[in-house]
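This report concerns only the one structure given below.
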Amino acid sequence: MALGFFSRLKAGLSRSTQKLSGGIAAVFTRRKLDDQALEELEDLLISADLGPSVAEKVIESFRRSKFGKEVTDEEVRAALAEEIATILQPVAVPFTPNPELKPHVVLVVGVNGTGKTTTIGKMARFYGEQGKKVMMVAGDTFRAAAVEQLQVWGERVGAPVISGKPNADAAGLAFEALKRGRAEGVDLLLVDTAGRLHNKSALMEELAKIIRVMRKFDETAPHSVLLVLDATTGQNAMEQVRVFKELVNVTGLVVTKLDGSARGGIVVALADAFGLPVHLVGVGEQAEDLRPFSAEAFAKGLVGDSIKVIDREDAAPEGEGEKDETPQPEHGAQAG
Ligand SMILES: Nc1nc2c(ncn2[C@@H]2O[C@H](COP(=O)(O)OP(=O)(O)O)[C@@H](O)[C@H]2O)c(=O)[nH]1
Ligand SMILES: [Mg+2]
């Protein structure tokens, strides 16, 4: 039987969860929160990919509120989940296509293999189900397989895919798609791109050209630039954000592969370091394995605390689970 979305997320986070929750249990079994306990907690947070900056903030907050008190591992986990949720809350911004844009153009960027093409397919289904007219552009023209892969997604989710010959000019393709999307009243245009980061200047040139050429038709395009990150890469995701921010005006993140052996703590480190919206998370290869990012559920899943919340959301009917904590929709930022 297929697992529900949050069960998959929970399972995916289990690597980080075990580290955190097992570690906390070992450090805090009815113990005074003294300097040494705080130091051990700090090491634990760093080893679970939350990064030194988050670890320091959490420890400082614990020092202010609980220093010298006797605490249980349960209390520490609950307090930690709260601290993490506070860091994640501001970046848990849903991605909502601006209905005034026909189409809202989304450039999807990221290193090869992070899940760009898959995310585009899933987004086509997710927003298609919300009644949006979606079109996709097979802009990774260097790999024939990437074009075919997107075409398969197009058939699967029933959305058109604009593609060219192998090695076709991605910018020209995006331009054509934009024109066609405007003529056909498309709401959301998802542009796939190549992610050959080993040749940074070529990649920068290619992305810049796609943007420049699209702006000949719509000077406000692209309206969003989503960077796709693979959660299993851990700290390397931080470096990818830094690099892509130099190449393009990244407006938001999508974190994939939060199933399997994800290093979920990295999402907290990313939120703290960059403050970029985390719009969506992926927890599998299927069309339905994409959801808006929920700060509280993620934080609780990560520390292995109050699994009840997550199960309740799993049990909720499609799309209802996250409602209570979904921030107000925001339109995609303008790419500068
Ligand atoms: N387990 C899992 N696999 C994923 C997820 N997203 C993508 N993948 C897989 O990761 C691989 C690379 O994805 P792809 O979309 O081709 O990456 P791209 O090179 O960035 O376009 C493929 O085998 C996908 O099926 C996810 O959320 N979970
Ligand atoms: Mg691809």
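From the backbone N, Cα and C atoms, a Cβ is placed for every residue, glycine too.
Keep in mind that this is a model prediction, so the values were computed, not measured.
So that you can see what the record holds, here are the features copied from TrEMBL:
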type	residues	note
BINDING	110-117, 192-196, 256-259	GTP binding site
DOMAIN	277-290	domain 'SRP54-type proteins GTP-binding'
REGION	310-336	region 'Disordered'
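Overlay of TrEMBL annotations on the structure.
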residue: Gly110; record: GTP binding site; Cβ within 10 Å: 25
residue: Gly113; record: GTP binding site; Cβ within 10 Å: 13
residue: Lys116; record: GTP binding site; Cβ within 10 Å: 28
residue: Thr193; record: GTP binding site; Cβ within 10 Å: 27
residue: Arg196; record: GTP binding site; Cβ within 10 Å: 15
residue: Leu258; record: GTP binding site; Cβ within 10 Å: 28
| request: Could you tell me which of the binding-site residues Gly110, Gly113, Lys116, Thr193, Arg196, Leu258 have their C-beta within a distance under 6 angstroms of some atom of ligand 2? | output: Lys116
| note | Leu258 (GTP binding site) falls, by DSSP collapsed to helix, strand or coil, into coil
| query | Listed binding-site residues are Gly113, Lys116, Thr193; which sit with C-beta under 6 angstroms of ligand 1? | reply | Gly113, Lys116
| request: Count the residues of the domain 'SRP54-type proteins GTP-binding' (277-290) that DSSP assigns to helix (H, G, I), to strand (E, B) and to coil, and report the three numbers in that order. | output: 0 helix, 6 strand, 8 coil
| query | Can you tell me the mean pLDDT for the domain 'SRP54-type proteins GTP-binding' (277-290)? | reply | 95
